[in-house]
Structure formats: C-alpha cells, structure tokens
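Inspection log for the structure reproduced underneath, given as structure tokens.
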Amino acid sequence: MIGVLGVKTEVKLDIREKLSIIPKRYESSLMKLKEKCDEVVILSTCNRTEVYYSYKKHNENIISHIFKCLNWDENYKKYTFHYKDDEAINHLMRVICGFDSLILGEDQILSQIKQAYEIALSSKSVNRDLNKLFQMAITCGKEFRNKSQLYKIPVSSASIAVNEGRKHGGKNFMVLGYGAVGSLAVKYILSGEFDKLYIVVRNPSVVDLRDDRMTIINFNERGKYYKDVDCIISCTSAPHVVVDAFELPKHKNIVVYDLAVPRDVDEEVRYMKNVKLYDIDNISCINDENCSKREDIMNNNLFVIEKYEREFEKWRKTSEISPHIVNLKKKGDEVYKKRLTTFKNKKYTKDVDALAEIMLKSTSNAYINKAIEVLKEEQLKGRGEECLRIIEKIFYSAQ
C-alpha cells in the first residue's frame with residue numbers, strides 16, 4: 001500500500017511550525033520511519049509537510065507510528081490528512097504540478113520534490129514502489145510545465161516577496177539564507193531595479209554571483225547592516241529565530257518577509273510601528289495579477305496528470321507478476337540449455353540437420369506437452385474454458 005500523511009494547507013502557521021521537519025533532521029527522521037515502513041519520502045517546505053510511505057503488511061497504527069517517530073503531539077492529528085493508494089498517487093501528481101498549494105502554480109515545488117526524492121534515494125529509504133512513483137511524478141511535473149508553459153508566468157513565495165517589496169518602495173534588499181528559496185529571491189532582485197543587495201550566509205563561498213551592487217556578509221554580522229536596508233527577505237532552515245526585534249532599527253521604515261517554517265523572525269517584530277512583517281501565510285494570501293490566468297491554463301492541462309496516473313497504475317499491476325516472469329525466463333533457460341548441451345555432445349556423431357530438428361522439436365514439446373497436461377487438469381476442475389483462452393493467446397497468436 002502507498003500512503004501519504006500531510007499537514008492540511010489551511011492550518012494556521014503556528015500549528016504548521018509544530019508539525020514541520022527541518023532539513024538537518026531529514027535523514028534521521030527517514031531512518032526512524034523506515035523501521036515502521038518499507039519505504040519513506042519526506043517532503044517539507046515552507047508551505048507543506050508530507051510523509052509518503054509504502055508497506056506490504058497491513059498496519060492500522062501507521063499514523064500513530066509516524067507521529068511518534070517525528071516527535072509530534074498526537075493531539076494535532078486533526079490538523080492532518082491521510083490518503084491511501086489512488087488518492088495518495090493523485091495527490092502527489094497534483095502537488096508536483098502546482099495544484100493544492102497556498103500559491104497556485106508555484107514554480108518551486110517541482111525542484112523541492114525532486115530534492116526530497118534524492119535525499120530519500122541517498123538514504124536508501126526508497127526501493128520499488130516509491131522509487132517508481134516519484135520518478136513518474138517528476139516526469140509528470142516537467143511535462144505539465146512544458147505543455148502549460150507556466151514558466152512564462154512564474155510565481156513563488158520568493159517572487160511575490162520581491163515584487164511586494166518593490167511596491168513598498170524597496171531599493172535596498174537583504175536576503176537571509178541562500179537555499180532554494182533564497183537563491184530564487186536573489187535571482188528576482190537581480191532581474192529588476194535595486195540599489196543594494198546584501199546576501200547573508202554562513203558560508204560565503206556558496207554564492208557564485210558577481211554584481212557591484214551586491215555584498216555577501218557572514219551570518220553573524222547581519223545585525224550591522226539592518227540599518228542600511230528597507231526590505232528584508234528571510235528564508236533560512238534554522239530551527240530558531242534569526243531576526244530579533246531588538247536588533248532592528250527603531251526609526252527607519254522596513255518591510256520584512258518571513259518565508260521560513262519554522263519562522264525566522266521574532267513575533268515581537270509585528271508590534272514595531274516602523275516595521276511591516278509578512279509571514280508565509282500573509283504572502284500566500286496575496287492574489288497576484290496572474291492567478292486566474294494560471295488557474296485556467298492548469299485546469300486545461302489536467303490530462304497530463306491523468307496520463308501519468310494511468311501509467312503508474314499499469315506499472316503497479318504488471319510489477320506484481322514480475323517474480324513470475326523471472327521464474328518463467330529461468331525455466332526457459334533450463335529447457336534450452338539442457339538441449340544445447342545434448343546438441344554439442346552429439347553434433348559430430350549424427351546427422352546435424354536431423355539432430356537440430358530433434359532438439360527443436362524437443363524444445364517445442366517441452367512447452368506443448370505441459371500446456372496439454374495443464375489444460376486437461378483444468379478441464380476436470382471446471383476451469384477448462386478460461387485455461388484454453390489463455391493457452392490460445394500464448395500459442396495461437398505467437399509469431
């Protein structure tokens with residue numbers, strides 16, 4: 001069975017924080033979950049936390065096991081959803097295509113799911129079912145974007161934050177963190193007008209961009225530069241607050257966008273008269289001008305999702321008989337190798353053509369005689385008609 005346990009997108013941020021998984025705990029969490037499931041993939045972004053799993057043996061306590069492994073309070077179960085098999089598969093396909101998101105059609109989710117899959121792959125927490133499902137989902141996401149051409153009207157929490165920052169008169173930006181979201185925010189800032197950009201990182205070597213208006217500063221020195229900016233975009237993976245209220249200037253207007261979950265910005269910042277603070281929920285509520293256009297385009301391309309759902313279901317059904325196919329091939333090898341040995345031993349002592357005919361006839365009889373034997377047995381059991389239909393399909397239609 002394949003399933004997914006996730007946090008509902010409409011749940012308030014303070015609850016989502018308690019049900020989040022920070023990146024540095026991914027691998028240890030995967031290992032704990034792997035003890036209860038056959039396969040596991042963790043997807044944790046600023047807008048969603050989801051655990052995809054598979055297992056062969058029935059486990060009615062799977063949700064409790066997941067909560068326990070992740071040290072989540074079971075009183076929060078009501079804030080989660082749980083889908084199985086077809087619903088879980090459909091959910092992943094829709095998510096990777098940008099549906100079921102706080103920001104419809106967001107363009108970060110494909111790379112985020114790909115990264116989640118790669119972490120699970122390197123941690124050896126996926127093998128057959130989830131491996132194939134995520135491979136197909138990633139291909140589905142790429143095809144969906146190509147067919148819908150959503151790249152022409154991109155949207156993400158980073159793009160909204162940068163655009164809104166500019167609307168508030170932002171010219172001097174600071175971006176804290178240079179992961180997937182941070183690097184995207186930097187890209188959007190560099191593509192438009194600005195005076196100064198400060199990129200705050202723990203390891204300056206990760207930023208390989210060059211621009212005279214850009215300054216890379218060490219994380220520990222960030223407080224010195226708050227007075228020089230009018231827009232802060234924070235998107236680190238820290239489990240604690242990184243922007244404290246007491247560090248911000250008291251007499252300078254600043255707009256702050258907190259794109260992190262758990263939140264990067266001290267909640268006290270919200271009460272500062274000279275600072276406007278927007279968290280990820282506030283940003284997700286900003287209905288950008290292209291929202292309805294993206295929705296129409298996406299709905300017109302739902303057939304892509306349906307196509308990959310059918311393909312995965314087809315793969316699942318055929319993969320169930322894979323062990324039998326392997327055994328059939330082994331049996332075929334046994335039949336021909338035994339006769340090949342006989343042919344090699346006798347080809348110089350008998351007429352080669354006659355010997356070849358005998359060997360080929362023997363190979364054919366090995367299967368025909370067994371088919372006749374099974375057909376007779378099934379006829380006596382009242383299943384002769386069904387057996388004959390299969391035999392006809394195998395032998396009579398063979399070329």
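In case you wondered, yes, glycine gets a Cβ from its N, Cα and C as well.
The annotation active site, nucleophile is assigned in Swiss-Prot to CYS46. For CYS46 (active site, nucleophile), the count of additional Cβ atoms within 10 Å of its Cβ stands at 28 [all protein chains shown].
In this structure, CYS46 (active site, nucleophile) belongs to neither helix nor strand by DSSP; it is coil. For THR45, CYS46, ASN47, ARG48, SER101, GLU106, ASP107, GLN108, GLN112, the entry in Swiss-Prot reads substrate binding site, with the evidence type sequence analysis.
If you look up Swiss-Prot, you'll see GLY177, TYR178, GLY179, ALA180, VAL181, GLY182 marked as NADP(+) binding site. Listed in sequence order, VAL200, VAL201, SER234, CYS235, THR236, SER237, ALA260, ASP264 are the same-chain residues six or more apart from GLY177 (NADP(+) binding site) with CB atoms under 8 A from its CB. Taken residue by residue with DSSP, GLY177 (NADP(+) binding site) is part of neither helix nor strand, so it is coil.
Taken residue by residue with DSSP, HIS91 (site 'Important for activity') is part of a helix. In sequence order, VAL4, GLY6, TYR83, ASP100 make up the list of same-chain residues 6 or more apart from HIS91 (site 'Important for activity') whose Cβ falls under 8 Å from its Cβ. Residues annotated as site 'Important for activity' in Swiss-Prot: HIS91.
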Q.
Cβ within 8 angstroms of the Cβ centroid of GLY177, TYR178, GLY179, ALA180, VAL181, GLY182: which residues besides those meet this for the NADP(+) site?
A. VAL175, SER183, LEU184, ALA185, CYS235, THR236, SER237
**Q.** Chain-mates of THR45, CYS46, ASN47, ARG48, SER101, GLU106, ASP107, GLN108, GLN112 with C-beta within 8 Å of site centroid, substrate
**A.** LEU102, ILE103, ILE109, SER156, SER157
Q. Which has the fewest other CB atoms in a 10 Å radius around its CB: ALA180, VAL181, the listed binding-site residues?
A. ALA180
Q: Please classify the secondary structure at ASP107 (substrate binding site) using three-state DSSP.
A: coil
